[in-house]
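**Student:** First the structure, then my questions, so here it is.
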Amino acid sequence: MGNIKFLLLVFFLIVVVVNGCWEEERNALLELQTNIMSSNGELLVDWAGYNAAHFVDCCFWDRVKCSLETGRVIKLDLEADFGTGDGWLFNASLFLPFKSLQVLLLSSQNIIGWTKNEGFSKLRQLPNLKEVDLQYNPIDPKVLLSSLCWISSLEVLKLGVDVDTSFSIPMTYNTNMMSKKCGGLSNLRELWFEGYEINDINILSALGELRNLEKLILDDNNFNSTIFSSLKIFPSLKHLNLAANEINGNVEMNDIIDLSNLEYLDLSDNNIHSFATTKGNKKMTSLRSLLLGSSYSNSSRVIRSLKSFSSLKSLSYKNSNLTSPSIIYALRNLSTVEYLYFKGSSLNDNFLPNIGQMTSLKVLNMPSGGNNGTLPNQGWCELKYIEELDFLNNNFVGTLPLCLGNLTSLRWLSLAGNNLHGNIASHSIWRRLTSLEYLDIADNQFDVPLSFSQFSDHKKLIYLNVGYNTIITDTEYQNWIPNFQLEFFAIQRCIALQKLPSFLHYQYDLRILAIEGNQLQGKFPTWLLENNTRLAAIYGRDNAFSGPLKLPSSVHLHLEAVDVSNNKLNGHIPQNMSLAFPKLLSLNMSHNHLEGPIPSKISGIYLTILDLSVNFLSGEVPGDLAVVDSPQLFYLRLSNNKLKGKIFSEEFRPHVLSFLYLNDNNFEGALPSNVFLSSLITLDASRNNFSGEIPGCTRDNRRLLQLDLSKNHLQGLIPVEICNLKIINVLAISENKISGSIPSCVSSLPLKHIHLQKNQLGGELGHVIFNFSSLITLDLRYNNFAGNIPYTIGSLSNLNYLLLSNNKLEGDIPTQICMLNNLSIVDLSFNKLYGPLPPCLGYLTQTKKDAEISWTYFAENYRGSWLNFVIWMRSKRHYHDSHGLLSDLFLMDVETQVQFSTKKNSYTYKGNILKYMSGIDLSSNRLTGEIPVELGNMSNIHALNLSHNHLNGRIPNTFSNLQEIESLDLSCNRLNGSIPVGLLELNSLAVFSVAYNNLSGAVPDFKAQFGTFNKSSYEGNPFLCGYPLDNKCGMSPKLSNTSNINGDEESSELEDIQCFYIGFVVSFGAILLGLAAALCLNRHWRRAWFRMIEALMFYCYYFVLDNIVTPIKSRWYKNVG
């Protein structure tokens, strides 16, 4: 009975202790939260918010790992992203409550020092602390080491900075600590010390005697070849990284040989000439792996000198020129080498035909080297023990040699990204390579039979990628049953693929399936989900699947990514998707025909990416999305639907949400006050019905890059607090009712694109254009800006698009505008600019540079990214701070859009069309003088509009040089002379007008492009003649009463009024004089005239009496009576 009570007590204690973290550690985490910032100035974690509300047990909180036995916190992952946040001081006392802490990760935290008496040395009170990561924190390394050396329990220490980091020691440092003797890190096994640019290994002596050190990372420093003799103080050293140092010339082998336990040595990105032995003929027997390359001037000499590494198994020689014929002969002497890695290195054409003598070779890896030619049928085919061949992304052509089938030990083969061709079933190569586990032949010109029967004898195949080839039908072998079970299968973007291979019906262990970009039709193959219960990602976008999407009958615990975008799926989004796929990380159902509401259970606890854009979804957004209640939701796109209601609420709390796209819906309501204080990087809420004022940002936001609130009903001022968005690149608030002026502090922001057109903004541009050196697009059209265009416009050195039309600007066009070498589109139309045209305008749009045409934060590169995505998601819990992954996943397609009038219409340019578009519109101003001949130098211009001005003189003959021009409008000016005949050479001209000028002579011949212009292009010029005009040359011109329409409307009106007054007075006087003369000369006429006047008087009298006076009297008497 006593034993039972004891066991019950033990069980109770285990349940109490293990079921939930310790209260003191829970409180310590909450206190720590307010001190640990990410680099954007926001809280790195939200333990007090979402995590505390959903998980009482802090062991389930983000970035926290607890012991399964004790419930104590053993790991804190507080790694931040790479940003520009303000530095902060470390406080060791915040970490002391975690008594069992083993791993503390604080990389990229921008720690610049520590508060008094709270340095890292105080962490020695944590007896179990084994690993500390402080990489990318700008602390002086000497001071840092002198503090860390007291933590005697450390086994792994990671330090490092970017190579451009400079150091300054804060006043809080105790500089005398350097001279104090600390306990030393006698247990340290691994030390990282990167990027400090040091050249003296003695700096590490502050850590004491590191006799147990096995791994030392010293890349990106300034060590020279003498470093090897200094490393003898680490007798246990096995792994040494000295990449990107200053090790030049000949390296003394004896110093390396003294490192008797060294097994791995990385010397890449140095400038080594050879490994020399000056004393004796000693060999280094311990070294197994050697990494070289990148900048060696004599690679063959270096390889020849490697014979002293007598036990070398692996040799890496990356990003080098290995085209010397002697390379292969030098490699033959390395008889022990089994692994060759030549990534990014170009090899001699005789390399593959002569490598057969390296019979011990097991791995030959030579991707991305630009090697070309055909694959030889000798040499490399004699490597009978070869297990791995990687020829990825070279330029090999031709067919596969038959001798490839001799490599029967081959397990891993990559031929992707070449120009190989042929029917892969035309010979027996694949039937002989039955040891294959990994095969990638994607992105070639192979003909791949749909049956895949050439692999019928394979039993070990788990990875197969045949994408970007041509699929051919072979009905003879459609029903074979495979002996292998694939884990990865990709058949994406193949020519002529209209149905899935039948062997997939017998696959039950797939993890990754990529079938996107084909012509697959019919219902979505849900049977693939039913059969493969361990499927982690299915990628079926860009096909023609139709019908509703059905969920599998059983729960899929492993599915993490589903992409069925750009198909023809219809119906409603399935209910309870988060229950069917509880571990789902990414869901993309965009560009389909889905309708109905968004189900409330679509967002699971792990959901990271949700894209439902470009469908027909309606109704309101469910509450869990409206407040962004998912703890991991990083990317939410609901664009181009029929959604309505208030997407934002007071409970809006995006924990890690970085990309939010709500554009082109019917959302309404006000923007929340905390929208700029969130984790957002991109917010696109354009083309909705949002109202109210733009909220201010009360403190610095170092994360928001792109803000688009265009085409809503926002009003009020642009808040000054918007200047707290310290890294914003895109500001788009066009087509609202914003008034007032642009805050002057905006010029201090790193903006690249400003779109504020069609508002009610005013003031002078001088307060706006100041120091926008990064600006690419400035669109302020249709506002009330007044005053001159400031001379400071010349400082906008990167400006590509200047759009200031329909304002109240006046004055000259400043010549400083000609300093903008990247300027390609200029629209200053419908202002009050006057003065002559600057001749230097002719040198704009000459050099077409690659403008940044999109607000792209990340780029999409599918190849390998989906597999990497799943693997990375599994291995790393806190993905939202990693830009490395996202660079392979997302394409933020918020493009720069520029509206410009040409060919008598207004067009919106974007993408590559915008990149090549160039034009100048100065119409509807008061410009005077002649057109400068220099404007004919703009050989790349596509549109030029100078209409409705006061320009005079002749049309320059140099306009015949405008070979790319498509629209030329010179109408409504005062131009004279003839139309240059050379304009007939403008073969791209589609719209041409010189109407309403004073031109004379014959119009250009009615041929080529000028054969498409009718008389409206020339009307209003009475002295022009020739077809298509009515005036024939040699005859008197038919004058038009509208022959000289001036471009300055106010001046034209004044002249017309003067002519009217003069004509009216003369005509009226002539009539009076004629009437008086007639009455004087003829008495009958005079008597009749007076009778008519008398009768007219009586008629008016009685008319007034009967129709006005009598009715008024009658109503008055009636009221009185």
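Cβ coordinates come from backbone N, Cα and C, glycine included.
When I checked Swiss-Prot for this same protein, it listed these features:
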- 1-20: signal peptide (SIGNAL)
- 21-1058: topological domain 'Extracellular' (TOPO_DOM)
- 234-259: repeat 'LRR 5' (REPEAT)
- 260-282: repeat 'LRR 6' (REPEAT)
- 284-308: repeat 'LRR 7' (REPEAT)
- N298: N-linked glycosylation site (CARBOHYD)
- N321: N-linked glycosylation site (CARBOHYD)
- N333: N-linked glycosylation site (CARBOHYD)
- 334-360: repeat 'LRR 9' (REPEAT)
- 383-406: repeat 'LRR 10' (REPEAT)
- N406: N-linked glycosylation site (CARBOHYD)
- 407-432: repeat 'LRR 11' (REPEAT)
- 433-457: repeat 'LRR 12' (REPEAT)
- 507-531: repeat 'LRR 14' (REPEAT)
- 556-580: repeat 'LRR 15' (REPEAT)
- N588: N-linked glycosylation site (CARBOHYD)
- 607-628: repeat 'LRR 17' (REPEAT)
- N689: N-linked glycosylation site (CARBOHYD)
- 726-749: repeat 'LRR 22' (REPEAT)
- N771: N-linked glycosylation site (CARBOHYD)
- 773-796: repeat 'LRR 24' (REPEAT)
- N945: N-linked glycosylation site (CARBOHYD)
- N976: N-linked glycosylation site (CARBOHYD)
- N998: N-linked glycosylation site (CARBOHYD)
- N1014: N-linked glycosylation site (CARBOHYD)
- N1041: N-linked glycosylation site (CARBOHYD)
- 1059-1079: transmembrane segment (TRANSMEM)
- 1080-1121: topological domain 'Cytoplasmic' (TOPO_DOM)
**Student:** In angstrom units, rounded to an integer, how far apart are the Cα atoms of N333 (N-linked glycosylation site) and N689 (N-linked glycosylation site)?
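**Tutor:** N333 (N-linked glycosylation site) and N689 (N-linked glycosylation site) have their Cα atoms 75 Å apart.
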**Student:** Name the one residue among N321, N689, N976, N998, N1014 whose Cα is closest in three-dimensional space to that of N588 (N-linked glycosylation site); these are the glycosylation sites.
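**Tutor:** The answer is N689.
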**Student:** Cβ neighbours within 10 Å, counted over all protein chains: which one of the glycosylation sites N298, N588, N945, N976, N1014 has the most?
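**Tutor:** Result of the Cβ crowding comparison: N945.
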**Student:** Taking residues 6+ outside the repeat 'LRR 24' (773-796), which of them lie with a CB under 8 Å of any CB in it?
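**Tutor:** Residues 734, 750-766, 802-814, 816-817, 819-820, 822, 827-828, 833, 851-852, 896, 898-899.
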**Student:** Helix, strand or coil at N406 (N-linked glycosylation site), per DSSP?
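**Tutor:** Reduced to three states, the DSSP call for N406 (N-linked glycosylation site) is helix.
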**Student:** Near N321 (N-linked glycosylation site), which residues of its chain come within a Cβ-Cβ distance under 8 Å, counting only those 6 or more away in sequence?
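**Tutor:** Non-local contacts for N321 (N-linked glycosylation site): S299, S345, S346.
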**Student:** Given the glycosylation sites N333, N406, N689, which one is most crowded in terms of C-beta atoms within 10 angstroms?
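**Tutor:** Its Cβ has the most other Cβ atoms within 10 Å: N406.
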**Student:** Do any residues of this chain, six or more beyond the ends of the repeat 'LRR 9' (334-360), have a C-beta under 8 angstroms from a C-beta of it, and if so which?
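**Tutor:** 293, 303, 306-307, 310-325, 327-328, 366-371, 373, 375-376, 378-385.
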**Student:** Within the repeat 'LRR 14' (507-531), count helix residues (DSSP H, G, I), strand residues (E, B) and coil residues, in that order.
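**Tutor:** Across the repeat 'LRR 14' (507-531), DSSP assigns the residues as follows: 5 helix, 6 strand, 14 coil.
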**Student:** Mind checking how the repeat 'LRR 24' (773-796) divides into helix, strand and coil residues in DSSP?
**Tutor:** 5 helix, 7 strand, 12 coil
**Student:** Which glycosylation sites are spatial neighbours of N998 (N-linked glycosylation site) here, meaning Cα within 10 Å, out of N406, N945, N976, N1014?
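**Tutor:** Qualifying among N406, N945, N976, N1014: N976.
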**Student:** Taking DSSP as the reference, which of helix, strand or coil describes N689 (N-linked glycosylation site)?
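**Tutor:** It is in a strand.
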**Student:** Rounded to an integer, what is the Cα-Cα distance in Å between N406 (N-linked glycosylation site) and N976 (N-linked glycosylation site)?
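**Tutor:** N406 (N-linked glycosylation site) to N976 (N-linked glycosylation site), Cα-Cα distance: 84 Å.
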**Student:** Going along the chain, which residues at least six beyond the ends of the repeat 'LRR 12' (433-457) come within the CB cut-off of under 8 Å?
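**Tutor:** Answer is 392, 404-405, 407-425, 463-478, 480, 482-484, 490, 492, 494, 497, 499, 501-503, 863.
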**Student:** Grab the pLDDT values for the repeat 'LRR 6' (260-282) and give me their mean, rounded.
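**Tutor:** Mean pLDDT for the repeat 'LRR 6' (260-282): 87.
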